[in-house]
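K.L.:
For ASP14, ASP15, SER45, ASN101, the entry in Swiss-Prot reads divalent metal cation binding site, with the evidence type sequence analysis.
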Amino acid sequence: MNELKKPHILVCNDDGIEGEGIHVLAASMKKIGRVTVVAPAEPHSGMSHAMTLGVPLRIKEYQRNNRFFGYTVSGTPVDCIKVALSHILDDKPDILVSGINYGSNTATNTLYSGTVAAALEGAIQGITSLAFSLATYEHADFTYAGKFARKLAKKVLQQGIPADTILSVNIPNVPESEIAGVLSTSQGRSRWEENAIERNDMYGNPYYWLNGTLKLLDDSLRQDEYAVRRNYVTVTPLSCDLTNHTFLDSLNQWNLQK
């Protein structure tokens, strides 16, 4: 296939340009299209949809093994998408893929995720967008995740997804032979039970490390976090529209004008 006829794929993440997951994802996407990598210069996990205001953003080329790999932006994942579209890319991408994140982005974690936010920013800009996350924080093996990401990206390029919608994909950190299956799921319900650890600096002033445990509030295989814990790959459609449409009709009956 002529290089210019291949789909143009924008690759981003929130773990930063040196994160292993983005290198696996970029390599996988290069098998099906033209890849441009634009990622934060430093890790920005948990930044959600934050963007940089009042501070200049800087773009730099990034070398990997003495070869050009992509661009870094001195900002958040959302900054990367905005800057890529306005100052780096010559043509609009056919698809945006974000990840592969180090750690799951299911249930409540979806709201904190810079990986998911980068994909949502892509959708806001009218780009078909996917987010990929590996459900582990240690001993990560991105092999199957990269393979599945490529398979799903090809399917999405063929089938399309609705406007203002992304697919958030969470992949168990197990060998392919142990994957239980692939499920389309909804965003699960959970909350973090916080345990802020207090310590003192050398001057005796207290400081805090945020810590906690994710408490699952449902136990259905149609919810992403529960399914991932049982070795299912989950594919969850998320919308840029945060409106609770179910409650909106009831709210209209409140007669708020009086």
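The backbone N, Cα and C atoms fix where each Cβ goes, glycine too.
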K.L.:
May I ask which residues of the same chain, at least 6 positions away in sequence, place their Cβ under 8 angstroms from the Cβ of ASP15 (divalent metal cation binding site)?
P.N.:
GLY21, ILE22, PRO43, HIS44, SER45, ASN101, TYR102, THR115
K.L.:
Within 10 Å of the Cβ of ASN101 (divalent metal cation binding site), how many other Cβ atoms can you find? Include all protein chains, please.
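P.N.:
The answer is 32 other Cβ atoms.
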K.L.:
Once the DSSP letters are reduced so that anything not helix or strand counts as coil, what is ASP15 (divalent metal cation binding site)?
P.N.:
coil
K.L.:
Measure the Cβ-based neighbour count of ASP14 (divalent metal cation binding site), defined as the other Cβ atoms within 10 Å of its Cβ.
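P.N.:
The answer is 32 other Cβ atoms.
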K.L.:
Cβ within 8 Å of the divalent metal cation site's Cβ centroid: which residues qualify beyond ASP14, ASP15, SER45, ASN101?
P.N.:
ASN13, GLY16, GLY19, GLY21, PRO43, HIS44, PRO77, GLY99, TYR102, GLY103, SER113, GLY114, THR115
